[in-house]
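Please read the structure below before turning to the comments.
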Amino acid sequence: MYSINAHAKVNIFLKITGHENGYHTLLSRFMRVDDLYDTITLVPGTFDSFTLEGCKGVPLHFNTIYKAYEALLEPFPKLEDFFKSHKVVVEKSIPSQAGLGGGSSDAGAFMRLINSLSQNPLSTDALAKLGSSIGADVPFFVYNYPSANVRGFGEIVEPFRETPLKLELFTPDIGCDTAKVYQTYHKYLLRTLDPKSFFGWENMDSGTLLQLIADPVALNDLYPAALSTCPALEKLDTKGWFFSGSGSTFFRVKD
């Protein structure tokens, strides 16, 4: 059996920088969460076609791992035969609709595992470019940096050298639909975009930035949109917590 861990991420900050061709561009600090991850295992057996277990509630063709498999079929022509003798089993720990990148992380880790088992015929850059066709966050998980500045549509991933923070996460029993949160932002908040307000943030270490700004609304442009889209979030006592991605997870630095 072959296994790989697919780690969650948080967004230390997330700022929308524009809107092009129907998609929002951004600047964000992604930080890997080392103690929260899904585990993907390739289990030997005999199967008629690609088989995926452990992702309940998501139809196969909509699953990010399956999309990654499809994206890899051309550069890995023997992959279809390989998955007639192996199935994919996912042990899920990352909650969905939580702003932690679980589906994207699964796709990125799966791609890294397949590339590694094939003696890495694709460069990490090439693998990340393939990943960008699956989802905006996938390239970050392909590179698997502990911390990185992510720009554009998510395809520009620049490692940021810093000591990773020890984080405490709080994920309420509230799912935030990423597409709806972005739609709310676009409709009501895009006009408030001000790149000067976050000038130089990408050069600051995450701990300093969280201490200096200390305001989840200022740090994450999607937070107000998430509050509007998921009003149950407003009923939570989240003083001292920051907001990751489109939600619904909050995080803070451990004492």
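Easy rule for this one: first residue shown is 1, then count along the chain.
Glycine is treated like the rest: Cβ placed from N, Cα and C.
The structure displayed is predicted, hence computed values, not measured ones.
Listed in Swiss-Prot:
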type     : residues                                                                          : note
ACT_SITE : Lys9                                                                              : active site
ACT_SITE : Asp137                                                                            : active site
BINDING  : Pro95, Ser96, Gln97, Ala98, Gly99, Leu100, Gly101, Gly102, Gly103, Ser104, Ser105 : ATP binding site
Where among the binding-site residues Gln97, Ser105 do you find the Cβ with the fewest other Cβ atoms within 10 Å?
Gln97
Spatial neighbours of Gly99 (ATP binding site) that are distant in sequence (at least 6 apart) but have CB under 8 A:
Val10, Asn11, Cys176, Phe243, Ser244, Gly245, Ser246, Gly247, Ser248, Thr249
Do any residues at least six apart in sequence from Gly103 (ATP binding site), in the same chain, have a Cβ closer than 8 Å to its Cβ, and if so which, in order?
Asn63, Thr64, Ser96, Gly135
Excluding near sequence neighbours, so keeping only residues 6 or more apart in the same chain, what lies with its CB under 8 A of Lys9 (active site)?
Phe30, Met31, Arg32, Val33, Leu100, Gly101, Ser105, Asp137, Phe140, Phe141, Ser244
Other than Pro95, Ser96, Gln97, Ala98, Gly99, Leu100, Gly101, Gly102, Gly103, Ser104, Ser105 themselves, what residues in this chain have Cβ atoms within 8 Å of the centroid of the ATP site's Cβ atoms?
Ala8, Ile94, Gly245
CB contacts for Asp137 (active site) [other CB atoms within 10 A, all chains]:
28
Among Pro95, Gly101, the one of these binding-site residues whose Cβ has the fewest neighbouring Cβ atoms within 10 Å:
Pro95
